[in-house]
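To keep things clear, I will list the structure first and then write my remarks on it.
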Amino acid sequence: MAYRKRGARREANINNNDRMQEKDDEKQDQNNRIQLSDKVLSKKEEVVTDSQEEIKIADEVKKSTKEESKQLLEVLKTKEEHQKEIQYEILQKTIPTFEPKESILKKLEDIKPEQAKKQTKLFRIFEPRQLPIYRANGEKELRNRWYWKLKKDTLPDGDYDVREYFLNLYDQVLTEMPDYLLLKDMAVENKNSRDAGKVVDSETASICDAIFQDEETEGAVRRFIAEMRQRVQADRNVVNYPSILHPIDYAFNEYFLQHQLVEPLNNDIIFNYIPERIRNDVNYILNMDRNLPSTARYIRPNLLQDRLNLHDNFESLWDTITTSNYILARSVVPDLKELVSTEAQIQKMSQDLQLEALTIQSETQFLTGINSQAANDCFKTLIAAMLSQRTMSLDFVTTNYMSLISGMWLLTVVPNDMFIRESLVACQLAIVNTIIYPAFGMQRMHYRNGDPQTPFQIAEQQIQNFQVANWLHFVNNNQFRQVVIDGVLNQVLNDNIRNGHVINQLMEALMQLSRQQFPTMPVDYKRSIQRGILLLSNRLGQLVDLTRLLAYNYETLMACVTMNMQHVQTLTTEKLQLTSVTSLCMLIGNATVIPRPQTLFHYYNVNVNFHSNYNERINDAVAIITAANRLNLYQKKMKAIVEDFLKRLHIFDVARVPDDQMYRLRDRLRLLPVEVRRLDIFNLILMNMDQIERASDKIAQGVIIAYRDMQLERDEMYGYVNIARNLDGFQQINLEELMRTGDYAQITNMLLNNQPVALVGALPFVTDSSVISLIAKLDATVFAQIVKLRKVDTLKPILYKINSDSNDFYLVANYDWVPTSTTKVYKQVPQQFDFRNSMHMLTSNLTFTVYSDLLAFVSADTVEPINAVAFDNMRIMNEL
């Protein structure tokens, strides 16, 4: 045996040799205990086996039945010093373990509504920049000129399509698009103001500062800057702020101001924000002890139901999202309190079993795995799995009849769909062949794998006993009822389970089974089954209460679920040991546990935040897909767009999602309509593409190709360069048209006739690489002939900056030499900065306060748990 007698009274005739042997045994046991505690604390798993010496001693003990029964009773006493050893050594393999995966829980809880981020600056694509002016002879003048340039000119070098730049720009706008703007929060002091006036944001202030200090600024402009300040209209709760913005940026910010998502907030809205079932639950006392100011605002969460139907044909994604929901749900299911003492319960069970030597092997297993940790774990697993609709699998030992009888309670209260079919069939088959069929003397059921009927469905047709057949009928038809509550699809338990009446039905069936003769089985077998049933039936009242408690906690937490509870079996399962179900049935006390209001609010907030973020990311992805389609980038960017969408949901491991699900997700996203604000923003970008291209230093509007040398020309912004500002006199061919048709005969003929040709269309403008090679990479079939006929190395566009302080190029002393190029880049002039045209007044509310956590205003408490009532206005736990 693994446990030895210590300090037990010996018979009076024990000799000295026995006493010496006893001392040696005590020392050996002490060493074993020290080693055992080390093993328990270590994470290394090892199989616990008896040593040869202990086996020999056990053989000797078996010689006397009296000694054997004493040995057994000593184990069952489970004194305090033995308790941990028993739980961790004998029962270690039967206790279910759960790793909380805190990283996933943290990811879920860290998803905050992005709307609440505070805007400190206006949205801008452009910024004014000073550029030098070059004289006709190429020298740089001392004076400067202001132009609007792109703030983030992020066009990468190399093979890059300008249309991709606009797609990335749109993505950037969607990321930065504020859901509300409060100008008062971002306003800063105007340093050059006479009366400490304020301008709309820090960038406007820095632009004003730079212009004020520029020597060429007119006096009238300086005087205007000194007068720039906010204008308050207190009666209308409105304030106007001066701003310096490019007209396109002004259009963006004006649109954001006109389409803010904030709505007035009052007590009624907060009250209605609380799930209705929690508001109406008499166990929770909710109070709002403050009135909100009239300037209170909130952003309504976007709680549209799942438009992608992730449960339908997205096995990997569905598994991930249900796992995350399961981990979150486990963290909020309350812990059981005041469970029956494990020691006392095992003692009582051993008395009920009237354990004797003959029944040691079968009936001592009944006590295996019974401990409070397993009971609590089972309670949490059942509720969390139902809340997240995670499929469960059952682990059990067929010879442990107590586990199977507990499994009958489990199958009674939990719908069949919650278990993976193979596991459900195995458990039902074990119950049928171990308990039900032997009771009536029926032959073993030989179940064929793949049979559409479950063992219980087959048994229901063959069992003549009304009570047993009635119970089997209930289990076979135990399904969730789908009920839409507050627009959310809920999976609701059967009313007979919610009020606990089904347990009486189960007990009637068990009593009928225990009264049967088991004609084909030995007497010991019949007695073992009867005693197992007796153990469970002795706790009828507690089982009714447990069932009501389980249903109440499930439905209360379910009120905080905001996404439709779709029931689809998951790829992976949550393991449930039937020994832990036995622990729950045997150790449940009479203490009611219900979720604390703070826990409910936390669970509700996390669900709302994830759901709202999910919908916003869908809207972003749909908008980007539509934009890619309209920019003719549909095929090129599609998978990257879907991957980006999944990454922004935080919980998915994108690299492991199969490609077929990625493309299915793309197809679903493609069918959804674009949200209005996002569509308007894209149209704003489309209308102003030309202005944005002009402001970039890396985008040109075309390229001129010639066979003969073309002289460099003076440009006011760059000096002597091969940049053309107009296309007068050149034959023009549309670059997009050329790429689409693939007809390049026209361009080839022109070049062979030494006629310069201008290919017009946006293209990357990189000064140190070949324009032709860049174009050729866009479509090799179109430009292959051109590249083959010409020396590509001679076609590099050259950017000559000729002035005294330039390191780029120095003129040689040969005045007959004229720098030339065989290509010119066609680049339109960016918009010149005009202070008067850039001055805009922006209007917003003078002040309002946005509240993100609405439930912070609600103070909540519960009634004394002992008084908590279920849906039928009866106490949840009646057995006191």
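Each residue, glycine too, has its Cβ placed from N, Cα and C.
Database features, via Swiss-Prot:
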- 1-80: region '5-fold hub' (REGION)
- 1-38: region 'Disordered' (REGION)
- 19-30: compositional bias 'Basic and acidic residues' (COMPBIAS)
- A220: site 'Interaction with the intermediate capsid protein VP6' (SITE)
- F224: site 'Interaction with the intermediate capsid protein VP6' (SITE)
- M228: site 'Interaction with the intermediate capsid protein VP6' (SITE)
- 394-414: region 'Hydrophobic' (REGION)
- 422-442: region 'Hydrophobic' (REGION)
- M839: site 'Interaction with the intermediate capsid protein VP6' (SITE)
- M841: site 'Interaction with the intermediate capsid protein VP6' (SITE)
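A map of Swiss-Prot features onto the structure.
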{"residue": "A220", "record": "site 'Interaction with the intermediate capsid protein VP6'", "CB count, 10 Å": "10"}
{"residue": "F224", "record": "site 'Interaction with the intermediate capsid protein VP6'", "CB count, 10 Å": "16"}
{"residue": "M228", "record": "site 'Interaction with the intermediate capsid protein VP6'", "CB count, 10 Å": "22"}
{"residue": "M839", "record": "site 'Interaction with the intermediate capsid protein VP6'", "CB count, 10 Å": "18"}
{"residue": "M841", "record": "site 'Interaction with the intermediate capsid protein VP6'", "CB count, 10 Å": "12"}
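DSSP assigns M841 (site 'Interaction with the intermediate capsid protein VP6') to a strand.
Using CA atoms as reference points, the recorded sites A220, F224, M228 were checked against M841 (site 'Interaction with the intermediate capsid protein VP6'), and the closest is M228.
On the backbone, the CA of M839 (site 'Interaction with the intermediate capsid protein VP6') and the CA of F224 (site 'Interaction with the intermediate capsid protein VP6') stand 10 Å apart. A220 (site 'Interaction with the intermediate capsid protein VP6') falls within a helical segment according to DSSP.
Over the region '5-fold hub' (1-80), the average per-residue pLDDT in this prediction is 47. Here the C-alpha separation of M228 (site 'Interaction with the intermediate capsid protein VP6') and A220 (site 'Interaction with the intermediate capsid protein VP6') works out to 12 Å.
For the region 'Hydrophobic' (394-414), residue counts in helix, strand and coil come to 13 helix, 2 strand, 6 coil, using DSSP. Sorting each residue of the region 'Hydrophobic' (422-442) by its DSSP state yields 18 helix, 0 strand, 3 coil.
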